[in-house]
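Before any comments, here is the structure.
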Amino acid sequence: MANVKCNPDLVRERAKCSFDVNELIHLIDGGENATKEKRHFEETIFSVKELQDAVPEEYLSHKDRYENAVRKATILRDVCREYMKKYNYKPNRFRVGHGVFKDVSPFLLHDGMFVATIIGQGTPEQQAEWLPKAENMQIIGTYAQTELGHGSFIRGLETRATYDPKTEEFILNNATLSSFKWWPGGLGSTVNHCIVVAQLFINGKSYGIQPFIVQIRDLNTHKPLPGVKVGEIGPKMGFQTANNGFLGFENFRIPRMNMLMKNAQVLKDGTFVKGMNEKLTYGTMVMVRVGIVGDCSLNTSLAATIAVRYSAVRHQSKIKAKEPEVQILDYVTQQHKLFIAIASSHVFRNVYSWLSKSYLNVMKDLAQGKQDHLPELHATACCLKAVCSRDAGSVVEECRLACGGHGYMTSSNLPLVYGFTIATVTYEGEQTVLLLQTARYLVKAWLAALQGKVLAPSVSYLSDWLKNDNVRWQNTPEGIVKGFQHVAAGKVKAAYDTIQKYIKLGKDYEDAWNLASVQLMKASEAHSRSILCEVSWGEVIRTSASPNLLQVLKQLAQLYLVYWTLETSGDFLVYSNISKDDIAILREKYEELLAAIRPNAVGLVDAFDLRDEILHSTLGSYDGRVYERLMEEALKSPLNQESVNASFHKYLKPLMEKAKL
Ligand SMILES: CCCCCCCCCCCCCCC/C=C/C(=O)SCCNC(=O)CCNC(=O)[C@H](O)C(C)(C)COP(=O)(O)OP(=O)(O)OC[C@H]1O[C@@H](n2cnc3c(N)ncnc32)[C@H](O)[C@@H]1OP(=O)(O)O
Ligand SMILES: Cc1cc2nc3c(=O)[nH]c(=O)nc-3n(C[C@H](O)[C@H](O)[C@H](O)COP(=O)(O)OP(=O)(O)OC[C@H]3O[C@@H](n4cnc5c(N)ncnc54)[C@H](O)[C@@H]3O)c2cc1C
């Protein structure tokens, strides 16, 4: 990239960077070698001509766009397969996926949830049967859980799997419209198999929801099998190429061994054998929620790179009347909009890495029959997924708005990035629903703290606060982290007290919970923010990097802490010992941090190392040829391929002629 002829502003920006951009790239990737491997892989993918679109996708019809996405998905699969064989390298398909599809691959659910559920929910025998076929794409699948009538409340799912001991089969049925599966990615026209989450019935008795692996289309003709009704759900806000679909069954029979039985089993005679914990059936969702935190880091870095580079190139208005128009990045309000995006991406990455380790530890424990840490993992993954996805959506939208009118152009790619980022707020557990899951855990933890019990590490601050809620405020990163814990503890206590108040007024627990649920949700958010602050600050101070880089990483981490303290200063005034003077000091600190980060802004986004092919943006490319690219892309419009459009003769001319009469 270094030899590309760049916009002079970007050249100047790069020259003033105070740290070694390559050092940060290696740090993000996990080492110099990892960067080399990543770049070699990406070079290979993006040099495949067939993966490059001649016409921007947005000009294609819904159908052509889908077919083009499937075409590219299959080529990408082949290239990856060869590459993995040759180099024994497991690539990050999500990163290149943004480049290849711009939007979402119709195989996303195959990779992200179908294969993962076979691994997580299948017995060794079932894995041996299905996994090789799924991994080498002999079968293509998705994860079909949500229905028209139920998504959040999965115990309310209506699809039925009724066991027939005579034939040793399950009979799948969707008797009502609301029971139809609705949303699964790839289901519309791509997949031939599904994980179907259905209510198990044996001898008229319900045994809760269980996962079943179901073939829905003929492998040769791709026709839906008899008894299967399947189709696509139509255009959405984003995810246009994900091929989300609907599905219903009518007396559709599958063999007994198609119930994934790692956790619970149905024996031949219809005996149901309960698993260690029925919530393990929800395991794939926990894994994906962890992954989404990492995805939030990637999505945020895409938007930050586009908006920061554009802001360095774009000149508009003046700060001083007699001086030239400035780069819009010099407006402190612009820095306020954008630097939190850079900082958030680093925070999400660090927290993702921490959360993934917890996830893997809990999986190891579960394999040995230990489930003590599962509730903590579930609670932590829920609130982090909810808050990170919401933050990422807001950050991406702020970056788009920060690009003014050009940010509204599809060719900036910011509308698409927003489309797939904001979807993460809803899928894999709607944000409020997940925050309230964490709130259940927090309320229990609070009760345990009141009883003097030892709490799990992520909530131990509740006990500390109970012992001493009068800690002096300190304007240091550690002091701010403590402050976030005080806010969280104060909010948990207030929500708990509110529940108790309603119970004393004669409400039952469930109604009291609902009445207090705004507070519970806010407590959960505050708990999540305290984890984000504590973990990300902790990771940064433990980072081994050169002094110059470490200084910049600390500035970003501090920016995150100070930004969120100021954003939630009302909470700090209520629940911590912060004073108005402390807030004034933090405001000053915030301005200092923006100024300190300013010279490194372009270097910092360069360090995300997102190739132009991944960014897909007229505004964000490495060379900064913004106006040239905007014009080049505009000229690709089909309306610009003709000097006069047929509508002139058909409609406009007759209209004008009528007006003459
Ligand atoms: C740089 C790296 C990038 C990497 C990127 C990787 C990205 C990966 C992407 C992969 C592909 C992504 C594409 C995805 C597309 C979208 C897919 C989907 O959306 S699939 C459908 C997802 N659906 C949901 O998430 C539904 C949400 N609802 C639920 O999870 C549940 O209904 C509920 C948890 C909200 C409630 O369940 P319910 O049974 O009603 O439980 P209770 O409320 O009664 O709680 C009982 C008890 O159980 C505990 N619990 C609940 N869930 C779990 C769990 N999963 N694990 C452990 N424990 C759980 C809960 O805490 C309660 O405990 P208690 O002690 O009683 O308080
Ligand atoms: C782009 C996209 C891709 C998807 N892909 C898949 C897929 O591949 N497979 C699949 O199975 N599903 C998929 N889904 C479905 C997704 O998982 C659900 O839409 C999601 O879990 C939310 O459920 P819902 O739609 O029922 O929302 P609802 O629960 O109906 O939410 C509507 C409102 O009700 C509120 N609400 C609901 N319950 C409660 C409660 N207990 N307390 C307080 N408030 C509540 C919510 O907070 C929200 O404000 C996808 C969805 C999207 C948008």
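Just so you know, glycine gets a Cβ as well, placed from its N, Cα and C.
Bear in mind that the values here come from a model prediction, so they are computed numbers and not experimental data.
Taken straight from TrEMBL:
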| type | residues | note |
| --- | --- | --- |
| ACT_SITE | E428 | active site, proton acceptor |
| BINDING | T146, G185 | FAD binding site |
| DOMAIN | 20-140 | domain 'Acyl-coenzyme A oxidase N-terminal' |
| DOMAIN | 282-443 | domain 'Acyl-CoA oxidase C-alpha1' |
| DOMAIN | 477-657 | domain 'Acyl-CoA oxidase C-terminal' |
Helix, strand and coil totals (DSSP H, G, I; E, B; other) for the domain 'Acyl-coenzyme A oxidase N-terminal' (20-140): 91 helix, 0 strand, 30 coil
Neighbourhood of T146 (FAD binding site) by C-beta distance under 8 A, where only residues 6 or more apart in the same chain count: K181, W182, W183, P184
Inter-residue Cα distance where the pair is E428 (active site, proton acceptor) and G185 (FAD binding site), in Å: 12
Other CB atoms, at most 10 A from the CB of G185 (FAD binding site): 27
Cβ-Cβ neighbours of the residue listed as 'active site, proton acceptor' (radius 10 Å): 24
PLDDT averaged over the residues of the domain 'Acyl-coenzyme A oxidase N-terminal' (20-140): 95
